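Contents: one structure, followed by commentary.
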Amino acid sequence: MKLSQMANVPAPATAATCAGATQTIETAGLFSTSTTSSTNILAANDIIQGGGNGSNNNASDGKMFGSKDDGNQSAITPDLLSKWRENFYSEPKNLLAQNVCSRVDPFDVCLSRKTLETTNHVFNYKVETEGKPVTNQRSSGRCWLFAALNCIRLPFMKNYNLDEFEFSQAFLFYWDKIERCNYFLNNIVKTAKRGEKVDGRLVSFLLLDPTSDGGQWHMLVNLITKHGLMPKKCFPESFSCESSIRMNAILKSKLREYARHLRVLLEKQPSDEEITCKIQEQMSEIYKVVGICLGIPSETFTWEYYDKSKNYQSIGPISSLEFYERYVKPHFNVEDKVCLVTDPRPTSSYDQVYTVDCLGNVVGGRPVLYNNQNVDLLLAMVTKSLKAGEAVWFGCEVSKRFASKQGIEDVDVHDFKLVFDIDIQTTFSKADRLIYGESAMTHAMVFTAVSVDKNGVAQKLRVENSWGEDRGEKGYLVMCADWFREFGFEVVVDKKYVPEDVMRVFDMDPIVLPAWDPMGTLAQ
C-alpha cells in the first residue's frame, strides 16, 4: 500500500499499493530478492568489458551485448529522429502544450473544466451522520485500517452520543506489525518445506517487502477478533505510525536476515520445536523494535469522555478485546461482513471464491477470501447498504482519472487527448489492464452516500478518504459510478444485504492466486 505513504503529496502516477504516495525500496532489498545472482552480474560485466574467459565470455558465439544478431528488432535511427522532430515542430499545438506542460503539472493541464463545473456533493441517500474529525494516515500505508475504523466508528458514535471520535489506528498498526512479522517468518518456513528456491519467484517476492503497511479486510478481522479495539485517546499516534519508512527499514533488514537463518536451519532438518524456538527468539527482537518505535499498548485502559450533552462518562479499566466485544461488536460485528471483488480477467470466473498465496497477517487466522462477482452487483450491494444507512469499505485504484486537489474520481476528469493527441488509462479493458500491470488495487476508502437514477442504479458516490481535510471537499471525494466500474475492485458489506446464491459461493473451495497477483496488492 505504498501509495498512501505520502498521502499529502499529489501523485498522479500509478502505484502498486494503497494510495497517496510512494515509499523507497532499499537497494539492498532489490539485490537480495533478485533472481540474478552476483556471479551472473560479474559475468555480464566481463562480457561488456570484453574480458573474462571460458563460459563467461560469449563474444565468440555472437551473443555479446550489442552484437548485430538482433533479429527483427526495431532500432531508433537518425532518420527517424529527424522525422519525429520535424513532425513535432510542424504542429503549433505541440509548442503550446510544451510551453504549458513545462511549467505546470501535465495532469492539471488535462483537467476538464466541464467535469469540474458539473460535479457536486449532493446525493439521494446518505448515512445519517458522517464521522468527525476527518482522519489523516499521513506518510504511511494504513488506508485499510483507517477506512475500516472510519466505518466502525459511525454506529459507535451514534449509540454513545458522541460528537467526535476516533478508534486508535496506532493500536491496530502495532498489532499488525507484530503479527505480520511472525506471519512472514512462518511463510519462509512453509515455502522452504514446499521446496521453493530462495531465488525463485515466490520467495523473491516475499523478500521484496516482508512487512508492508497495507492490508485486506480479513486481516483487519484477524486483528480485531484477537486483540480488540481501543480509543485513540488511550493509544495515540507516534512518529513511526505517521511516517513508517524508517521503522519498516529496520524490520525489513532483520526479517531478511532471519529468513536466511531459517533457511540455513531447515537444511539441517530440525524438529518443529526447534523451528518454533528459533522464530520465537527472532520475534522477541522484533517485539522490541516495534515497541520502541510505536509504544506498547496497555493491557487495560480507562476511557474518559464527554458525550454530546457534555455529560462526563467513563469506561474501564477494561481490556481492548473486552472493549470491542462489549461496546463495539453489538453495533458493528466485523465477522458479519463479507468481501466481494470484481476481477474480469478470463482466468478469474465470476461466482467463484479466490484467495492469494501467502497473503495474511495472523498465524492461524482467517484466510483472505474474495467472492468474485460482476461489478454491477458490487454497486448494487453498495447502494443497498447506503440506503439502509450503513457506510461501505471498498478498495480501488485511486490514482487513475483522479483530480486529487478537487477530490473527483471521474473517467472524464482528464482530457489527455486534447493535450497529447493520445489517450491513456482507459484505452484497453479493465481485464487487460490487470494482466499487463496497468491496474491494481492501491487504496481503501469508505462510501458514505449515493445518488441513483429513476431505476435505482448508482450514478455517483460520496467517499470518505483518510488524507486529511486539505484534499478534496474537506476530506471527501465524489466518484462517478462509471469510474468504479473501471477502477473499483472490492467492497465489504453486511451479509444480510447479499443474495443467498452469492453467499453460497463462500462455501466453495477457494482457487489460490499467486502471491504477486494484482488482487493482493492492497495488502502490499
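In case you wondered, yes, glycine gets a Cβ from its N, Cα and C as well.
Note that TrEMBL annotation is computational and uncurated.
What TrEMBL says about this protein:
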- Cys143: active site (ACT_SITE)
- His443: active site (ACT_SITE)
- Asn465: active site (ACT_SITE)
- 49-69: region 'Disordered' (REGION)
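Sequence features, as recorded in TrEMBL, placed on the structure.
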residue: Cys143; record: active site; CB count, 10 Å: 31
residue: His443; record: active site; CB count, 10 Å: 29
residue: Asn465; record: active site; CB count, 10 Å: 30
Any idea what the Cα distance is from Asn465 (active site) over to Cys143 (active site), rounded to a whole Å? 8
Under DSSP, is Asn465 (active site) helix, strand or coil? coil
Rounded to an integer, what is the Cα-Cα distance in Å between Cys143 (active site) and His443 (active site)? 6
What three-state secondary structure does DSSP assign to Cys143 (active site)? helix
